[in-house]
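Engineer: Below is one structure. I have some questions about it.
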Amino acid sequence: MDSQRNLLVIALLFVSFMIWQAWEQDKNPQPQAQQTTQTTTTAAGSAADQGVPASGQGKLISVKTDVLDLTINTRGGDVEQALLPAYPKELNSTQPFQLLETSPQFIYQAQSGLTGRDGPDNPANGPRPLYNVEKDAYVLAEGQNELQVPMTYTDAAGNTFTKTFVLKRGDYAVNVNYNVQNAGEKPLEISSFGQLKQSITLPPHLDTGSSNFALHTFRGAAYSTPDEKYEKYKFDTIADNENLNISSKGGWVAMLQQYFATAWIPHNDGTNNFYTANLGNGIAAIGYKSQPVLVQPGQTGAMNSTLWVGPEIQDKMAAVAPHLDLTVDYGWLWFISQPLFKLLKWIHSFVGNWGFSIIIITFIVRGIMYPLTKAQYTSMAKMRMLQPKIQAMRERLGDDKQRISQEMMALYKAEKVNPLGGCFPLLIQMPIFLALYYMLMGSVELRQAPFALWIHDLSAQDPYYILPILMGVTMFFIQKMSPTTVTDPMQQKIMTFMPVIFTVFFLWFPSGLVLYYIVSNLVTIIQQQLIYRGLEKRGLHSREKKKS
């Protein structure tokens, strides 16, 4: 095998990847667009008995920190809107990214409350509680590190329920604390719940998966338990009423999309029921319900949970709850993407530019792989040296394929040549390439990350297609500099057009990925020349002009 055939192997692997991508798209098609009727109804009559009545109309209050802009409905205390000021909606946009939304076209809310026999959110006890608040807007002031938003409700029996949102500067984790004061003569049986509900179908203005070459990251529900660290739950499964219903001590429930996530993390000593539900009107939900606790007469009970609402920043998510960082969707190559990202982030802490970090990590990867690359070129050189003997063997043995195969293997053994030695480095490079692809499309740190000049977003395609063209040029030079034993006219034609074909494919790839491939090709050219000089000294390579 020589460098020309290497390109054929790469092309085969690449085409296989594209076919797999298309199959994934066909296997998990996006639901047909449909209008979602605005509603605040939550799961009713589900397997977990997680019934909550319609919210009705409450007052909307604004809660702002340096990183969160929330809108909370005083009817039930649900978070109906979440804006992320640190993350623009689009490149060069002044509008913040909206994670939670309540509109006629799209529903995505973080709901929570107190159910159980005596809970104010129990449908049997009437409408959801209408909380009282001191003001309509809460803002984290300069020099202030914590913002508390207390909401109180007193039922007909005189029992007081206080729901307090606690937000901290620079933090996407919101603590939701409940305080129950029993003013009656009987114990109160209370359970807490947290629920995330979302329209299954994305409206056109939110659906960004328009490119057939884009990597479609997971969008749906997920959960974690001590037994199952991370499990995805598809919206389609919920829509088919195949719902989750398990008990867990600890863990979390979440809804995921590219770069961003919401999650409820309950904090209690008992068990929680994790569930999903099809709420109708094209809305799916995932949530938890805690084990009931008793609040004795004249006593006060407390329940706590945490809501994560923001970007998938792995180290911060891991600090909030075990395994919450696994929500970053690195696909089936996560075991390569995760350490690759950690190394990339470490490099970025020194250079301050993600593009230069990609360049440096490319040099590191190719440096580590240099012994394999050298072995690859040495193996190919030995194979070329054996070609006259192999050709003479074929002429001598004619059509006796069995004897040809036997004598070729004996020749390889005698000359200490591995006929597959040229393939192994390629089989390693391809997973690294794909892992980098997953990393670019799954790491929020690389979303809208600029490099230099015209590249303002390494996770998006090059707007002027300059990088893909440069990549094609580097492939052309590698091809021209590589000796070949390809004699078949059809293979020669394919090899001639290979740089052009790859250039076309790479037009739609993230510019960070194309940058990696360009630098990798440039390193290949340098390593190739160094290796050829060593092979010349051993008589395994000559500098004669390559035949076209």
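Here the Cβ of each residue, glycine as well, is placed from N, Cα and C on the backbone.
In case it's useful when we look at the structure, here is the feature table from Swiss-Prot:
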type: TOPO_DOM; residues: 1-5; note: topological domain 'Cytoplasmic'
type: TRANSMEM; residues: 6-23; note: transmembrane segment
type: TOPO_DOM; residues: 24-342; note: topological domain 'Periplasmic'
type: REGION; residues: 28-55; note: region 'Disordered'
type: COMPBIAS; residues: 30-50; note: compositional bias 'Low complexity'
type: REGION; residues: 215-265; note: region 'Interaction with SecF'
type: REGION; residues: 265-346; note: region 'Required for Sec-dependent and Sec-independent protein insertion'
type: TRANSMEM; residues: 343-370; note: transmembrane segment
type: TOPO_DOM; residues: 371-416; note: topological domain 'Cytoplasmic'
type: TRANSMEM; residues: 417-446; note: transmembrane segment
type: TOPO_DOM; residues: 447-463; note: topological domain 'Periplasmic'
type: TRANSMEM; residues: 464-481; note: transmembrane segment
type: TOPO_DOM; residues: 482-493; note: topological domain 'Cytoplasmic'
type: TRANSMEM; residues: 494-509; note: transmembrane segment
type: TRANSMEM; residues: 513-535; note: transmembrane segment
type: TOPO_DOM; residues: 536-548; note: topological domain 'Cytoplasmic'
Engineer: In terms of Cβ proximity under 8 Å, which residues at least six beyond the ends of the transmembrane segment (513-535) contact it?
Structural biologist: 355, 358-359, 361-363, 365-366, 370, 373-374, 377-378, 381, 429, 433, 436-437, 440, 451, 455, 458, 462, 467-468, 470-471, 474-475, 477-478, 481-482, 506, 541, 543
Engineer: Tell me, what is the mean pLDDT of the topological domain 'Cytoplasmic' (1-5)?
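Structural biologist: Summarising the topological domain 'Cytoplasmic' (1-5) by its mean pLDDT gives 46.
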Engineer: Could you give the number of helix, strand and coil residues in the region 'Required for Sec-dependent and Sec-independent protein insertion' (265-346) as assigned by DSSP?
Structural biologist: 27 helix, 35 strand, 20 coil
Engineer: Cβ under 8 Å to the topological domain 'Periplasmic' (447-463), counting only same-chain residues 6 or more beyond its ends: which ones?
Structural biologist: 87-88, 91-92, 211, 259, 353-356, 358, 440-441, 507-512, 514-515
Engineer: Going by DSSP assignments with H, G and I as helix and E and B as strand, what are the residue counts for the topological domain 'Periplasmic' (447-463)?
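Structural biologist: With helix first, then strand, then coil, the topological domain 'Periplasmic' (447-463) has 0 helix, 1 strand, 16 coil.
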